[in-house]
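What TrEMBL says about this one:
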type     : residues : note
DOMAIN   : 65-217   : domain 'Sodium/calcium exchanger membrane region'
DOMAIN   : 249-392  : domain 'Sodium/calcium exchanger membrane region'
TRANSMEM : 63-84    : transmembrane segment
TRANSMEM : 134-151  : transmembrane segment
TRANSMEM : 172-191  : transmembrane segment
TRANSMEM : 197-216  : transmembrane segment
TRANSMEM : 244-264  : transmembrane segment
TRANSMEM : 284-307  : transmembrane segment
TRANSMEM : 314-336  : transmembrane segment
TRANSMEM : 374-394  : transmembrane segment
Amino acid sequence: MGRLTVVPVRRGTASLTNSTTSEEKEVPFLQREIKGYKQVICQPTSLLLALVPFGFMGRTMQWNSLVVCIINFFAIVGMANVQYRAVECVSLQVSPTIGGLIDAFLGKSVEQVMAIQCLRAGLTQVLKANLMGSMHWCLLLVLGMSIFAAGTKAKNCKFNIDGAAAQMSCQVVAAISITLPTMFCSVPGVSAEHVVLLSRVCAAFLIFLYFSFIYFHLKTHKASFQTAEAQHIMSEEERELSQLSLGSSILLMVASIAVAAFNSQVLVDHLQDLSQTFHVPQQFIGATMLPILGNTAEHIASVSYAMKDEMDSAISVAVGSATQIALFVVPLSVFSGWALDTPMSLDFSMYDSAVMLLGTFLVAQMLRHGSSNWLHGAMLMMVYLMIAVISYFLPSRGE
C-alpha cells in the first residue's frame, strides 16, 4: 500500500523526491504520463478490461445470467487491479501521511462498492458471506500462499513481530465484535431490532479502533512498522508508476471505482437468478467467488513480495487487508445498510463466528514467533480449503 505501510502495506518506499533521478526530471511531461499509464494499464489482468462494455451490454440485451455474471466478474477483477495501482500512484505523489490515509480508506474500494450493491439488492446474507470470505481469503489463503512460497526458497523466513502482533490484535478484537452480536442474538427474548442496534454500536467501536490503529501506525509507533519500508527497494516498475501526475492518478482512481461500481451492480442483480438456475448456494458464491474480485491484486503483491524474500511486506499486505476489511469495511457495511434502510447486523451465525475466531487465533499463533516455514503456509491453505468446501453445504439462512 502506501509508503508508510498503512493497513495493508503495499510497499515500503523512500520519499519520491529522493528516489527521482535528475534524468527522470528532464523527461517531458507527456512521456512521463505515457510511461505511468503503461505501468497501470499494460498488465496481464488489464486484458480483462475489454469485457467492461460487454458487461453492460449483457444486461441491456438480457443475455443468459451465467454469461452476464462471468463477464462482469472478470471485468471487475481487471478494474480492481487498475484501482489498486491507481491508489499506489496517488500515494506516491503525496506526503507519506496523506498517502497512508488514502491507502487506509480507499484501498478496499471494490469491497465497499460490492457491499453497497448487495445492500441495495437486499442480499445481506450474500454480503455477510462475502465479508467473511474476504477475511478468510486474506488471512488464510493469501498469507498461507505467501509463507509457502517464501518457505520453498528459505528454510525459515524471519519477519518483524511487532507490526504483525499489532494487526493481529486488532483482528482478534474484530472477531470478538462479530461473535458478541451473534451470541446476543441467541439469548431468549432478544429481538432482531436489538441485534441491529447492538451491531451499530459495535460498528462504531470498530471504526474508532480503526482510526486509533491508523494513528498508532502513522504517529505514535511508526518505528514498529518500518521494517517493511527499509526492506523494500523501489523497483523500476514503481519508478515508472510514480511518473504519472497526481491529477491523472486521481482521475484514474475515481474512474476505476466508478466503473467497478456499475459492473458490480450488474453482477449482483443477476446473482439470485444464477443461484436458482444452476443450484449454486448464494452463501458459497459470496464466500468463495466474490472475495476474488477485490483481493486479487493484494494476492499477487503478497506472493511476489514473499518470492523476493520481503516477508514483512508480504505479511503486511495479507494481514493488513484482512484487518482493513474487519475494522473498516464490515462496520461501514452496517452503517451503509442503516442509510439504505436495509438492516445489516453483525449476526454472522455461530458457525461463521467460530470459524472467524479459530482462524484468527491460528494465524496469531503462527506469527507470534517471528519466523515461519513452508509447512505453516500449507496448514493455512488447507484450513481455507476446508472452510470453502463447507460453505457449499451450509444451509441458506434466507434474506
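Every residue, even glycine, has its Cβ placed from backbone N, Cα and C.
Nobody curates TrEMBL annotations by hand; they come from automatic prediction.
Comparing 197-216, 244-264, 314-336, 374-394 for CB pairs under 8 angstroms to the transmembrane segment (63-84), the maximum falls on 244-264. Looking at which of 134-151, 197-216, 244-264, 284-307 has the most CB pairs under 8 Å to the transmembrane segment (172-191), the answer is the stretch 197-216. Take the transmembrane segment (284-307) and the stretches 134-151, 197-216, 244-264: counting Cβ pairs under 8 Å, 134-151 has the most. When Cβ-Cβ distances below 8 Å are used as the criterion, the transmembrane segment (197-216) is approached by residues 6-7, 100-101, 104, 166, 170, 173-174, 177, 180-181, 184, 323-324, 326-328, 330-332, 334-335, 338, 344-347 of the same chain, each at least six residues removed from its ends.
Secondary structure counts, DSSP: the domain 'Sodium/calcium exchanger membrane region' (249-392) has 122 helix, 2 strand, 20 coil.
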